[in-house]
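**Student:** The structure's right below; bear with me while I get my questions together.
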Amino acid sequence: MPTESSADPNQSSAHEVEPGNRREQLGWYFYDWANSAFSTTVGSVFLGPYVSNLAELAAGPDGMVRILGAPVAPYSFLSYCISISVILQVLFLPILGAIADYSSLRKKLMQIFAVAGSWATMFMFFVTEQTWWLGGLLFIFANLCFGAAIVFYNAFLPDIAEPDERDRVSSVGWALGYLGGGILLTLNLAFFLLSDSIGVDSSLAVRINLFSGGLWWFCWSFVTWRLLRSRDTAKALPPGETYLSTGLKQLWETYQEASKYPHTIRFLIAYLLYNDGIQTVFAVAAVFAAAPLLQGGLEIEQDVLTMVILMIQFVAFGGALLFGRLALRVGAKKALIVGLIVWTIVVIYAYLGLQGESRILEFWILGAFIALVMGGTQAVSRGLFANMIPQGKEAEFFSIYEVSERGTSWLGPLAFGLVNQFTGSLRPAIVSIILFFVVGLALLLRVDVRRAITESGNKPPTVV
C-alpha cells in the first residue's frame, strides 16, 4: 500500500486545483469503479436474499431467529444490521473527517478503511447455514469501512475539480461506478446461472460471488492510490494533543462553523431526508423482490432479480451522465427536483402496483426508471455540496455530509423491518418511504443555492 509523507514532492495544498487535471480525476473515478462492487454484488443482489434464506432455515417453531435472546423475523435481520452499521457511522465518521483535515492523513485513512472493508467482504465466503449470523456481523463492519473511506474520497473532489466542473466530475464518478459494478455483476450472473452445469451448488456460487465483490473493491482501489495525490493541510498538531482529542475539538468547531452557513445546513437536512428514501430503496429492494407473495414480496427468482439489477447498473451509467449534463444546463437544484419527483412516483407505484402476473414486467419497467435517477440525484447532490463548503474544511464538512447521508438512513431500514415484523407483510412498509422524498423535496425548494455557495467563500458555477 502506498504511504504518505509530508516530504512527498507530489503532495499538494488543499484546494490547489490544476486546470485539466485529468490524471487525478481518473484516479478519483476509479474508486467509484472499485467500491461499487460492494454496493451491487453484495448490498443490492446477493447478500440480502442469501442471509434471509439462511436465517429462515435457522428459525424456530415460531418462525423467528434469536439474536441475543430477542426474537427477529428472518427477513428483518439484515435490515436491522444495516441500521446498526449506519448508527456506528454516525458516531465515528465526523471524528475521522476532522482528523483527516488536521493531520493530512486523508489518503492513508481512505486506504486503511478500503482495505479493511474489502477484506471483511471477502470473508463473507464463510457465511453458511451454520454461520448465517456472521453475514450480518461482517456486513456491519464492511459497511462502516465503506462509509468511512467515502468521507475521505469525497473530500478530494474540491481539490481535483474547479467549481464549474464538479457536477460533471461527480457524475462521471458515479457513472463509472455503475459501469464497474455492472461488469462484475454480469460475471457474477453468468457464474450463478452456469453453476449447476459446472458442479457448483447455488449456495457456494453465492459465496464465491460475495468474495468477488471484496476482491474487486480491493484490487481496483490500487489504481486510485497510484493516481490520486495526497494533500497537505499545513495544520500542525498542537503540543500535548492527540489526533483523537484534536479531532473531537475540531468536530465541535465544525458544527459551530456549519451553523454560519444556514442554506448549506438547509440543503443538508433536505439531503438527509430524501437520501434516506433512496438508501432504503437500495437496502430492501432485493429482499422485497425475492420474498414470497404471502409475505408481501414479489417472489422473483434470483436469476431474474440479478438481471434486473444488472440492467439498472448499465442504465444508471447513462443516467448519471445525463443528470450531469442536465445540471450544467438548468442548474443542480432543478436537476435534483426532477429526480426527486421521479423517485416519488416510483415508490408510490411500487406500493399500488406490482400485482398479479404482470408484476415481473412491471418490476423491469420500474427498475429502468430507478436507474435513470438513482445515480444522477446522488452525484449532483455531491457536486452541489462540494461548492457549498469553505476551503480547507473539505473532510470535516464531507463527514457532516456523510453523516447526513447516514444519519437517518438507519430509520428507513429499521422502519421497514419493524413494519414487516409486526404486520407479517413487506408491502405496507413501502408507504413510509414516500414521506422521505416528499419532505426532502419541500425543503430543497427553500434552499438558495447561489447564496449558500457565496456565503462559503466559493465562486458559483455559471448556472446554479
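For all residues, glycine too, the Cβ spot is worked out from N, Cα and C.
Pasting the feature list from TrEMBL:
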- 1-14: compositional bias 'Polar residues' (COMPBIAS)
- 1-20: region 'Disordered' (REGION)
- 77-97: transmembrane segment (TRANSMEM)
- 109-127: transmembrane segment (TRANSMEM)
- 133-157: transmembrane segment (TRANSMEM)
- 169-194: transmembrane segment (TRANSMEM)
- 206-228: transmembrane segment (TRANSMEM)
- 268-292: transmembrane segment (TRANSMEM)
- 269-464: domain 'Major facilitator superfamily (MFS) profile' (DOMAIN)
- 304-323: transmembrane segment (TRANSMEM)
- 335-352: transmembrane segment (TRANSMEM)
- 364-386: transmembrane segment (TRANSMEM)
- 407-423: transmembrane segment (TRANSMEM)
- 429-449: transmembrane segment (TRANSMEM)
**Student:** Might you confirm whether the transmembrane segment (77-97) is in contact with the transmembrane segment (268-292), defined here as three or more C-beta pairs under 8 A between residues 6 or more apart in sequence?
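**Tutor:** Yes, the stretches contact each other.
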**Student:** Is it the case that the transmembrane segment (133-157) and the transmembrane segment (429-449) have 3 or more CB pairs under 8 Å, with pairs at least 6 apart in sequence?
**Tutor:** no
**Student:** Should the transmembrane segment (206-228) and the transmembrane segment (109-127) be scored as in contact, given a threshold of at least 3 Cβ pairs under 8 Å and pairs 6 or more apart?
**Tutor:** yes
